[in-house]
Amino acid sequence: MTDAVIDRPEPRRKTISSPYIHKLQRRHFLLFDVAPILGTAAAVAFLWVHPFGWTEAGLLVGFWLLTGLGVTVGYHRLFTHRTFKAAPSVEVALAVLGSMAGQGAVISWVALHRRHHEFSDREGDPHSPNLSGGGFVGAVKGLAHSHFLWMRRHEYPNVVHYAPDLIKNRRLVRVARLYYWWVALGLAVPALIGGLVDLSWQGAVSGLLWGGLVRIFVLEHIVWAINSGLHMVGTRPYESRENSRNGGIFALLTLGESWHNNHHAFPESPSFGLDWYRLDPGFWLIRALQTGGLASDLKTPSPERRQARRARPAGAES
Ligand SMILES: [Zn+2]
Ligand SMILES: [Zn+2]
């Protein structure tokens with residue numbers, strides 16, 4: 001009997017905490033979360049050397065769009081929630097573009113985000129703004145934690161538990177292993193384009209700053225604002241057990257991610273807007289891929305299912 005007890009494998013741990021992992025998290029935080037802030041300040045200072053022109057605007061918007069779609073369509077809708085199936089080439093392209101955003105390697109990002117959905121706004125949620133105490137001070141603390149500070153050090157979700165499907169995908173594992181190289185590529189390409197267009201080193205530095213670091217800064221703060229702000233303020237058309245909200249006004253800027261209450265209510269849906277008139281550029285890309293035969297099995301929720309989840313006015317009973 002005793003042997004049987006000893007031989008029984010330990011239950012699989014859902015999160016891992018070790019000094020080594022926390023060291024990596026601190027390094028990642030400094031390199032990809034703090035450095036873009038400094039890079040943005042440097043970009044403004046560099047305007048004295050090189051003006052902000054069409055090249056800088058094109059690099060900033062172009063790379064923001066490419067990497068932002070990589071995150072929302074690839075990291076989030078495809079890999080985390082499996083809302084559609086994509087051709088292998090599309091999987092790799094989206095994973096690489098998402099990696100360039102500097103928000104973590106694809107498999108870790110997915111594991112963290114699945115944990116966010118599992119524990120939304122409860123103990124265990126990696127980035128809830130609602131667990132830092134009550135009152136104004138609690139709200140400010142919660143906002144700072146969920147927007148930015150949680151990334152300094154957090155429990156690492158065990159990918160064996162949270163992403164068993166992804167660690168079996170060899171292409172994706174290979175992309176994830178090269179994560180730092182993809183971020184570097186996302187900095188090198190705009191620098192190269194900036195240098196070639198302007199035929200000067202100033203053009204290259206300007207391209208690196210605007211198409212690289214400022215672009216990472218802008219996209220990060222947009223994504224983080226969803227973690228923080230849209231678990232605090234906004235509309236709640238659907239019942240869901242956490243405090244997620246919609247912020248329709250930010251739909252274009254967030255490429256559709258700001259339909260966050262819709263998303264928590266129907267995480268299996270490739271469309272976050274749910275209705276054609278709610279702007280959702282991420283879903284437009286999925287539809288375009290579907291038209292081109294590169295995406296299939298879109299799991300859009302039925303009107304009945306949506307009706308059943310509708311939030312009822314306060315006081316009304318079902
Ligand atoms: Zn999600
Ligand atoms: Zn959320």
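From the backbone N, Cα and C atoms, a Cβ is placed for every residue, glycine too.
Heads up, TrEMBL stuff is auto-annotated, nobody curated it.
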Annotated region 'Disordered' segment (source TrEMBL; candidates 227-249, 250-272, 296-318): 296-318
Outside the transmembrane segment (29-49), six or more residues from its ends: residues with CB under 8 Å to it: 102-103, 148, 151-152, 183, 202, 205-206, 209-210, 212-214, 216-217, 220
